[in-house]
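S.K.: According to Swiss-Prot:
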- 1-13: topological domain 'Cytoplasmic' (TOPO_DOM)
- 14-34: transmembrane segment (TRANSMEM)
- 35-44: topological domain 'Periplasmic' (TOPO_DOM)
- 45-65: transmembrane segment (TRANSMEM)
- 66-78: topological domain 'Cytoplasmic' (TOPO_DOM)
- 79-99: transmembrane segment (TRANSMEM)
- 102-122: transmembrane segment (TRANSMEM)
- 123-130: topological domain 'Cytoplasmic' (TOPO_DOM)
- 131-151: transmembrane segment (TRANSMEM)
- 152-156: topological domain 'Periplasmic' (TOPO_DOM)
- 157-177: transmembrane segment (TRANSMEM)
- 178-203: topological domain 'Cytoplasmic' (TOPO_DOM)
- 204-224: transmembrane segment (TRANSMEM)
- 225-234: topological domain 'Periplasmic' (TOPO_DOM)
- 235-255: transmembrane segment (TRANSMEM)
- 256-269: topological domain 'Cytoplasmic' (TOPO_DOM)
- 270-290: transmembrane segment (TRANSMEM)
- 291-311: transmembrane segment (TRANSMEM)
- 312-324: topological domain 'Cytoplasmic' (TOPO_DOM)
- 325-345: transmembrane segment (TRANSMEM)
- 348-368: transmembrane segment (TRANSMEM)
- 369-382: topological domain 'Cytoplasmic' (TOPO_DOM)
Amino acid sequence: MSTYTRPVMLLLSGLLLLTLAIAVLNTLVPLWLAQEHMSTWQVGVVSSSYFTGNLVGTLLTGYVIKRIGFNRSYYLASFIFAAGCAGLGLMIGFWSWLAWRFVAGIGCAMIWVVVESALMCSGTSRNRGRLLAAYMMVYYVGTFLGQLLVSKVSTELMSVLPWVTGLTLAGILPLLFTHVLNQQAENHDSTSITSMLKLRQARLGVNGCIISGIVLGSLYGLMPLYLNHKGVSNASIGFWMAVLVSAGILGQWPIGRLADKFGRLLVLRVQVFVVILGSIAMLSQAAMAPALFILGAAGFTLYPVAMAWACEKVEHHQLVAMNQALLLSYTVGSLLGPSFTAMLMQNFSDNLLFIMIASVSFIYLLMLLRNAGHTPKPVAHV
C-alpha cells in the first residue's frame, strides 16, 4: 500500500493552508500589540494565553475525535481557530485579545492533534517515519511561506485578518473530498493521557518529545537574541534563521526514511549525537553556516522520530491518546526550555544557549544508550 494515499495528501494540503495562517498570526500579533502601546508584560501574557490554549486543546481533542471522528474534528478545530482570528478585529484591547488568543491556541492544538493522530492511524510501523517527516516538511514550509507573506503584504490588522481567516476556512476544503477513517475500535475503553505518559516501553519517545521541545523552543526563541548580541544585523539574523529552518526541512524526508529502514533507536542516537556536535561547533566559533545546518537538520527532526518510536509501542486504539501525550510533552518542553535558558543567558553568558542544548541532548543520549537493553529495538524494514 502506498505511503502517501489520497486522504494523506489531502490532509497535508489542508494543513499547509492552516500553517500559513498560523505562522502569519504568530508573527504579527506581538507587533500589533506593541503598536497599541501595550507593555512588554502584556504582550507576554497574551502569548502565554495562546500557549495555555494549546495545552487545553491538546487535552480535549482525544475525546472530540472519539465522539465525532477525524474529519469533523478537523472542521471543528479549523472553525475554532478561524473564530480566534476574526475575533481579534472585534475589539482591540488587552483582555479581549487575551481571550481570543486563548481560543486560537485551542484551535491550533486541536489541528495538530487531529492531523498527527490521523497520520499515525493511517500508517504502519513500516512507514510512520516517512508520514511524520512529510507532516513536518509541510509544517516548516508553511511556516517559511508565512514569514515570506508577512514581508510582502500589508501588515495592517484589518488588512490581514480577512485573508488569514479565509485561508483558515480554505484549509477545510481538501478534507471535504475524502474521509479519514477513525479505526479506533469502539469496544475499547478510552485511553487516558496519563497512562500513556507512564507507559514504560514508550518512555524514550516521550522523553524525546520533551527534549525536542526544549531544543526547538530554545533555538526558535533565543537564537535571534544570541545573534543580535553578537552584533549580527536584523537582515542577517533572518538569513541565519532561514538556514536553520531550511536544514530542518531538508532533513525531514531522508531521516524519516532512514528511521523506517534501520530502526528508530539507531537514528535517534545519531541525531542526538549530531545535535551535540552542532552545539559544540557553535561554541567553538567554527563556520556558522555548516554548524547551524547540522544543528537544524538533526534538531528539527528529533520530534517526528521520537513520536514514531512511542507510537509503535502502543495498540492501534491507543494512538490518539499517545499522540496527545507526546504533543503535551513537546509543548511543556518548548515552554520550560526557553524560559530556563533565557535566565541562564541573562545571568551568565549567551553561550549557555548551546551549553543547555548540548547538555539536555547528552542526557537523552545516555537514556538511549542505557535503556537499549531494556527497551525492544524497533524492527528495521528494508
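Backbone N, Cα and C define each Cβ position, glycine as well.
Note that the structure is predicted; figures quoted are calculated from it, not measured.
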S.K.: Taking residues 6+ outside the transmembrane segment (204-224), which of them lie with a CB under 8 Å of any CB in it?
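M.R.: Distal contacts: 196-197, 237, 240-241, 244, 265, 268, 272, 275, 295-296, 299-300, 302-303, 305-311, 313, 325-327, 329-338, 341-342, 345, 353, 356-357, 360-361, 363-364, 367-368, 371, 375.
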S.K.: Short question: which residues 6 or more past the ends of the transmembrane segment (157-177) have a Cβ under 8 Å from it?
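M.R.: Those are 10-11, 13-18, 20-21, 24-25, 28, 32, 71, 74-75, 78-79, 81-82, 85-86, 88-89, 92, in sequence order.
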S.K.: With a Cβ cut-off under 8 Å, give me the same-chain residues at least six positions beyond the ends of the transmembrane segment (235-255) that come close to it.
M.R.: 129-130, 133-134, 136-137, 140-141, 143-144, 219, 223-224, 227-228, 267, 271, 288-289, 292-301, 304-305
S.K.: Using DSSP, how many residues in the topological domain 'Cytoplasmic' (256-269) fall into helix, strand and coil?
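M.R.: Final tally across the stretch: 13 helix, 0 strand, 1 coil.
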S.K.: Which of 45-65, 325-345, 348-368 shares the most C-beta pairs under 8 angstroms with the transmembrane segment (102-122)?
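M.R.: Checked against 45-65, 325-345, 348-368; highest Cβ contact count belongs to 45-65.
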S.K.: Could you tell me the mean pLDDT over the topological domain 'Cytoplasmic' (312-324), as a whole number?
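M.R.: That region's mean pLDDT is 81.
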S.K.: Using DSSP, tally how many residues of the topological domain 'Periplasmic' (35-44) sit in helix, strand and coil.
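M.R.: In the topological domain 'Periplasmic' (35-44), the DSSP-based counts are 6 helix, 0 strand, 4 coil.
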